[in-house]
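So that you can see what the record holds, here are the features copied from TrEMBL:
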DOMAIN    266-380  domain 'ABC3 transporter permease C-terminal'
DOMAIN    692-792  domain 'ABC3 transporter permease C-terminal'
TRANSMEM  12-30  transmembrane segment
TRANSMEM  259-286  transmembrane segment
TRANSMEM  316-335  transmembrane segment
TRANSMEM  347-369  transmembrane segment
TRANSMEM  419-438  transmembrane segment
TRANSMEM  684-706  transmembrane segment
TRANSMEM  745-765  transmembrane segment
TRANSMEM  777-798  transmembrane segment
Amino acid sequence: MRTMRKQNFPIGIAILVTTIFYTFILFSAYSSSEAMRQSLRAEFPFDAAFNRPLSAEETKKIEEVEALAAVSTLGKPESAMTGDAVLVHRAVDAVYYSLMGDDFFYEGRAPRGEGEIAISAGLCAERGIRIGDAIEVKFGDRMVDGKVIPEEATWSGAEAFREKRDCRYVVSGIVRNEYNAEAGIHVTYAPFDAHTTAEKTVVRFHDFRRAYEARKELVEHIYTATGSGDLHLNFDKHWIHHYHLGEETQSFLDRYGSAIVSGLGLLLGILFFVFFIKNVFAVWGLEKIRKLSMYKSIGSTDGQIYRLLLKEAMQLAVAPVLAGHILGIGLGVLLSDRMAAEGGRSFYYHPLISLGVVGVTLTILLLAIRAPAKRIAQIPIIEGIRGNVKMHSSKKKRRSDLWKELARNNRTVLRAQRYVSAVGIALLAALCLVYGLATYERVRFSYDSEYNVEVSYLANGTKYPGILRRLQEEVPHERGYLQAQKYIRITLDAPLSDAARAAKLDEVMQNSGGVEGLIVGLDPAAFQEIGGKPGEVLLYNRTQKDPKAPIADAEWIPLFQEVDHIDYDISEEEHALQQTVPVRLVNELPRQYVHRIFPLQVCMFTDLDTFMRLRGNFVEAYRQAQVDVPAGEYGLFLKVPKDREAAVKGEINRRLKRHIAYDESYSVRTKGEQDFFESEDLKALLWMMGALGTLVALINFSNAYASVKSGILHRSREIGILRSQGMEEADIRRRMVREYAKEQLHSLIVAVGITAVMMLYVHLFSGNYPLSIQIKYFRWDLFALFAALIYGMNLMIFRSEVDKPLRSSILSLIR
């Protein structure tokens with residue numbers, strides 16, 4: 001029994017690792033796809049909306065249209081309050097909750113009757129409400145200066161509430177937050193009642209792409225079903241863009257590129273594991289050869305022997321497949337929890353994925369065992385009973401030098417293991433590259449700012465928010481300044497400098513379709529510090545020589561040769577709302593004000609008073625063009641002691657909530673929070689690399705064990721002959737290990753070659769990552785460590801296995 005268990009151990013490990021790998025990969029891919037889908041659905045839950053709300057009778061009729069998966073009607077949002085908490089209340093039907101996704105409810109269930117309500121998690125935490133609690137909700141209007149403000153307006157301390165009616169509800173469910181904490185409002189949901197007015201009717205399709213492409217026929221079906229000729233179906237633009245359906249021409253790759261890549265990846269994975277397990281199965285079968293030959297001697301056919309091997313292999317695979325599937329799911333859950341930046345569900349399970357994993361694993365096993373099982377079944381009876389087996393036939397010319405013949409045979413048998421190790425290391429090299437490029441993306445646009453508390457404030461009007469001025473005066477800090485900014489589009493009609501042309505920045509700007517600009521207003525003290533005078537606009541005439549270099553490490557060169565004014569557009573459409581401003585070129589500015597300038601971005605500085613006058617011009621231009629006026633972007637930057645970041649943030653939040661207007665919004669960030677989330681992302685990638693590295697190491701171990709054992713088993717007679725001719729055991733061992741080490745060197749060269757091809761592919765087909773960036777940020781230390789681990793493990797296995805025939809008698813080896 002112990003011998004049988006020892007024989008089954010390598011194949012059991014191989015099947016276990018294969019199942020873990022595919023379970024982990026397929027569930028990780030599914031979880032990532034589902035999380036992305038849920039995220040998109042949370043933001044854009046509906047595929048299309050009708051031009052008017054439908055009646056209950058019309059809704060019932062169109063539910064029979066085959067293309068529609070769900071139809072839901074939403075009530076108009078209402079302003080409400082419970083205690084002093086401001087609410088946005090919506091009446092919805094039961095279908096709405098299913099459209100919002102599986103993770104919409106954190107706890108409880110959807111309201112079923114008029115006396116039940118679902119509340120947001122933020123409101124639950126703020127007021128200590130639990131499932132089953134009764135709450136009093138007052139409905140009415142939110143008022144500021146005698147005017148009704150929108151239901152979703154930011155809460156401000158200056159508003160009043162005009163009550164119209166009240167209702168008593170029992171909390172049946174807790175849902176995710178729809179508004180950020182700074183907005184000061186919460187969402188609630190309840191069924192329709194007598195006070196509800198329908199706002200819109202929305203739909204979800206079984207297949208958005210198919211529905212959009214057949215939208216004319218779909219609308220005709222809806223007309224036929226409802227008998228209403230005034231209905232129009234408006235498809236959501238975000239989903240049109242998501243599926244690339246708004247483009248006039250759509251290639252085959254645009255439609256099916258993702259599915260093709262996924263299919264090819266799965267096929268290559270299956271072939272790799274077939275290649276990997278094939279060696280292990282061969283050794284497993286050879287260890288049974290004497291027993292199988294005895295079966296043949298009493299009348300068993302080659303076909304019966306083949307089927308017997310298949311049956312035993314499948315029986316042996318049951319326990320490793322189940323154990324591997326459970327371990328793979330556990331590994332996926334662990335890593336998903338580690339990688340989740342925020343709370344909520346991070347691992348998604350689906351039974352069809354489990355069936356797919358089992359199906360793929362069994363397919364791999366059947367393909368892997370087919371060739372070695374057939375070959376073993378065809379071994380002659382006498383040779384099998386003697387143990388003289390030969391899995392590989394060679395028609396190459398035999399060499400006169402016995403040692404060269406032995407070395408050639410060893411290389412033939414061990415070549416499969418060479419490529420398994422090479423592919424495994426190349427897989428880890430891909431992860432090292434991904435980690436390096438992720439690190440590059442983190443540092444590419446990061447800047448080393450001495451200010452560790454940043455307040456971003458959006459407000460309408462043409463006056464600078466007074467609350468930011470008061471915060472700068474009243475919140476203790478070491479350094480700080482006020483800022484306002486406006487993103488613009490620069491019209492390039494000024495000559496570039498010689499250095500910029502030499503760096504081919506003119507070509508880069510033309511290919512990028514335009515140049516982004518930024519007008520920055522600074523408070524008087526800060527503007528004076530950079531050498532500006534009131535009413536003046538300074539153009540910072542420096543840009544990155546290499547736009548792909550990280551900001552912190554970039555070499556800066558002059559951008560323009562000479563320029564006294566800049567033409568720019570204040571809208572996204574070129575030449576739509578064009579403005580002109582006189583400028584003065586400056587080549588040097590204090591680092592704390594220019595550390596956040598991005599590559600190829602033209603930045604202009606002025607004082608706050610001048611900026612607000614320009615802002616007034618912008619607002620007037622927007623109004624004349626009859627387009628929406630975007631909110632002004634304002635900021636406060638403070639340097640405070642690191643240990644006071646959280647306290648300062650809390651104080652700023654409290655003050656802003658008391659003074660913010662209903663049509664304004666804000667956010668407060670600290671450097672500590674930003675550094676934490678960035679480091680957590682990279683730690684998650686390290687965990688992923690560690691998990692896959694462990695799996696690859698196990699794959700390599702089982703395959704190396706099988707390949708080495710097969711090679712030594714096939715070459716036992718040659719080793720016996722060498723010993724019979726007087727060669728010392730130490731010399732045989734040394735020469736064989738040296739030959740094997742050369743084989744591992746060849747494997748490393750193959751791995752490096754695959755990695756080089758991978759880098760070249762990324763360089764050619766991704767304009768963002770040239771070879772210089774890939775080489776600089778590639779994790780060479782992890783690559784070297786893993787390669788040393790894999791090849792060191794291989795040499796240890798070979799050294800251990802080669803000692804076995806050297807300890808056996810010469811006669812038994814030659815037999």
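Cβ coordinates come from backbone N, Cα and C, glycine included.
Contact count against the transmembrane segment (12-30) (Cβ pairs under 8 Å) is highest for 684-706, out of 419-438, 684-706, 745-765, 777-798. Beyond the ends of the transmembrane segment (745-765), by six or more residues, the same chain brings 418-419, 421-423, 425-426, 429-430, 433, 771, 774-775, 778, 783, 787, 791 to within a C-beta distance below 8 angstroms of the stretch. Sorting the domain 'ABC3 transporter permease C-terminal' (266-380) by DSSP state (H, G, I as helix; E, B as strand; all else coil) yields 95 helix, 0 strand, 20 coil. The residues of the domain 'ABC3 transporter permease C-terminal' (692-792), classed with DSSP into helix (H, G, I), strand (E, B) and coil, number 89 helix, 0 strand, 12 coil. If you average pLDDT over the domain 'ABC3 transporter permease C-terminal' (266-380) in this model, you get 77.
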